[in-house]
Structures are given as C-alpha cells and as structure tokens.
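Structure record follows, encoded as structure tokens.
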Amino acid sequence: MDFESSTSSDGIEARLRGRLEFTDHDRLRDIVRLLESDGIKRMVIDLKDLEFIDSAGLGMLLIMQEEAEQRNVKLIVRGPRNDVKRSIDLARISEIITIET
Amino acid sequence: MTISLRDSRVLIVDDNEFNRKSLAIVIRRAGIQNIEFAVDGVDGLEKVERFRPDLVLLDVDMPNMDGLEMCRQLRRNATHAELPILFQTALDGDDEQVRCFEAGGSDFISKPIKPGECAARVRHQLERRKLFKDLAEFRGRVEKELKHAQAMQLSLLPEKRRLVEVGDRYGLRIDSHFETSSELGGDLWNVFEIDERHIGFLMADFAGHGITAAINTFRLHTLIDRFAVAWLNPAQWLSNLNNALKDVLTTGQFATAIYAVLDTGTNALTYASAGAPNPVLGTEGDLGLIDSAGLLLGVSRKARYTNRTVALPPGGFLFLYSDALIESRTADGRCIGSDRILEIVQSALDQRPDAPLAHLLDDFFANVDRPLRDDLTAVWIARR
C-alpha cells in the first residue's frame, strides 16, 4: 500500500493506493502519525484507489478509528469500491466507522 | 560483543613440539583453557573424534598425513563440515594459502606466529561458531515448541472419525480441510451435537495468522462451552462470544465467524454471521451465496447479530470456507474472489459429485503457491 496525504483548513486527507493487507502494519504507523499534527479535527481516509483489503487491513481501519477517537478527531472513510467495498460491507465496519460513499 | 571462550576447545595439530607449545601459550592468553594436541594428520583425525574441538589449528607439512589431507577428510564428514580449521602457513606462500582454502580451511595464520594476529583469528572463528551454535539451538527449540503447539491446535478441531460418526447420526456427509500458512494459524471450526434433531457448525477466522492468531483460537475454544445454553439461538450465541472476546482482544484483533444450526426435522438452517465469507448453499440443483454480513467479533460491545433462516433439505449442502480460498492469489496475480466462488463450486459438483471438496481443493492448489499466505479452512456439509 502507498498513500499520499494533504492538509486543508478542515483537516487531513490520506489517499490509499494498492492493497491494504497484513504486510502493511508498519505503514499504518505513518498514517497514525498524521493524526498528531496540531489542531486536526477531521481526517478523511480515501479508499477510491484502493484495490484490495484483507481482514488485517480492516483491522487497521479499526485501529485508526480508535486512534482518532482518542485525539477527538472525526474519522471518515471515503469512497471504497468493488472488492474493498464488499469486504467493508460484509464486516459491517460502518457500525463503527463513518463510511462515505 | 564479547563472548566468553572459556568453554571452547582447541586442537593443535603440529609435528613440531616447540610449535605446539608456543601456539598453546598464545591461545591460552586469549582465554582458552581446553587445549589438546596431535602430532600428525592421523593422530589429528582421531583426536577430533575424541576431544570434539570447536576449532583446529593445523600445520600443513607433517609426516604420515599432512594437514591438507586431514582437512579434506574432515570436510567429507557432515559432522565436521562447519568446524573452523585454521591453517598455519608461510606468510608469502600464496600458492599454499590457496591450497589451504581449497582443502576446506576456514582461515590461516601466518608463520612465524604473531601472537596478536593468531589470538584475534582464533577468537573470531570461535565467536562465529558460538553464535552459529546458539542460533541453531534456538531454532531447534522453537521448532520443537511449534510442533507441540501445532498438535495442540489440531486437537481443537474435530477428528475425521468423529465427523463420520456425526454424519451417520444426522444423515450428513462432512468433508473438511484445514491448513495453516505457517506452523500455527488463526482458524477454528467444529461441530456441536446439540440434541438428536439439531446440529451446530462453527467456523471462525482471527485476523492475521501465526502465533498471535493461534492463541486467540484457544481463547475462543475455551469460550465455546461457556455459552452452551444459547446453542439453539445463533445470534444470541455470537453476541455472547462477541462480548467475551471484546474483553480480551486488543484493537485491531478480531474474528470473522459464522455459526449455523441445522434442524434435521424441519430442514431449517438458522445462522448468524460476523462477517464470514458468504457461504454457498446448494439445494436441488440451485446454487447461491447466502448473506453473511455482520460486525466482526470482538470489535464492539454494541454489536448486534441477526438470525437468518434458509432451507437445507436432504440432497442439499452448505459450503463454509475462510477468506484464504477467495483471496489467495494465483501465479497470474488473480484470485478466485467472491464473484467466481459459485463457478468453482459448480465445476467441482459437475466433475466429482461424490467428492466435490477434494476436486475444488485440487484445482485451487494447482494454481496457488504453498505455503499459503493465509490460513485456509473449508468445510462441506452435505445432507444425504
């Protein structure tokens, strides 16, 4: 998985690309670090360009949600498509995390 | 890093007594106490077997058998393939040094002996050997422990014999496959004989694989019997499991699971699912995926599960599998995916109606590299 991030007035956006899976645990730390910027109220994780997510990847989204909550940051997962959307729907992640289509 | 060489054993092989004594003085100063001597190659080979040195200091020119031949003979023996052998050679003897390496020597010290160089090279070789041995020992121990743990994990699953008995009792044929990606895995499945009409099936898959996921399967196993009262109510049962797991799992750890109860009297299959891959239901020639959406187990106390009921009459079947089946990538980078699962199930039924699971897995493994990247469990429950 690769990602690029950008900051705007209302928060941070991280756009994920490729496959989010078991081997990406180290990359997760880099995304969590984005939450540590000053004054962040909102973070969007954009999955539009993500091709695949496995159960470890779903776990990473749940970890992100917890990390965001602890810092009073609103986390939004946006735009999952195809297989990624199917996996997120199957696991009912939307009961825990705000998912925007 | 300084490693103590007090227990290291060194064999000095030299036909010249003065050389033997002076070498012994040098390496004793380097902290090595256990020193043995041999006067030629023949004597040297014998002393290697008896004294079991960690290092041999070897002269080249000796009567009876020279150092090169002794070294070659040691290297032919697998036991001594890694034994450090240091030749003593003339400093300007380039040809001789080449011959020493060709004979299997690890390194050489130049003659006349310079105490500092000699001690340093001996120490270097012994330290390497010690690290190598420590690593090999560690590896051996871990392998042994993992093997025991593997047997323990397999004991959590139903034995083939029991599946036959259960099958006879409820009019079923149950085929299964369980394969971990490393020694231990995060999958668990089992059958529960609830009463003479009802039989339950559980399949769970903890996120990740390896030791952490395996420990979680043991946790789950201990919880199964605790909620026996809710066995006829899958949604309630999953809720109970969910709450118990939520208490012990850290964020990011969770399981997908499906628990289904078959009423052999009414043909009703009632199940609840926590995000397990969509099971395949086959009835009278009809094939379809059944809905298995549900929040992952162990993520939130707020999770609510629903009972869903489908008909599974005699002649029909239910196929449960973990995500490795649809997510493992073949050589061309593709995977079966949930789109094609029905296709491969249909093909297995057409090719080998008597043993569709075996056929399906043969096809799968023909295209996927082992070891798998994730744990695979597949259970095919057919009603007779």
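Positions of Cβ are set from backbone N, Cα and C atoms, glycine also.
Computed from a predicted structure; not experimentally measured.
The domain 'Response regulatory' annotation in TrEMBL covers B:9-126. Residues annotated as 4-aspartylphosphate in TrEMBL: B:D59.
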For this session: Show which residues of the chain containing the residue listed as '4-aspartylphosphate', separated from it by at least 6 in sequence, have their CB under 8 Å from its CB.
Result: B:V13, B:D14, B:D15, B:N16, B:N19, B:G67, B:F87, B:Q88
Exercise. So how many of the residues in the domain 'Response regulatory' (B:9-126) end up helix, strand or coil by DSSP?
Worked result: 58 helix, 26 strand, 34 coil
Problem set entry | Rounded mean pLDDT for the residues that make up the domain 'Response regulatory' (B:9-126) | 92
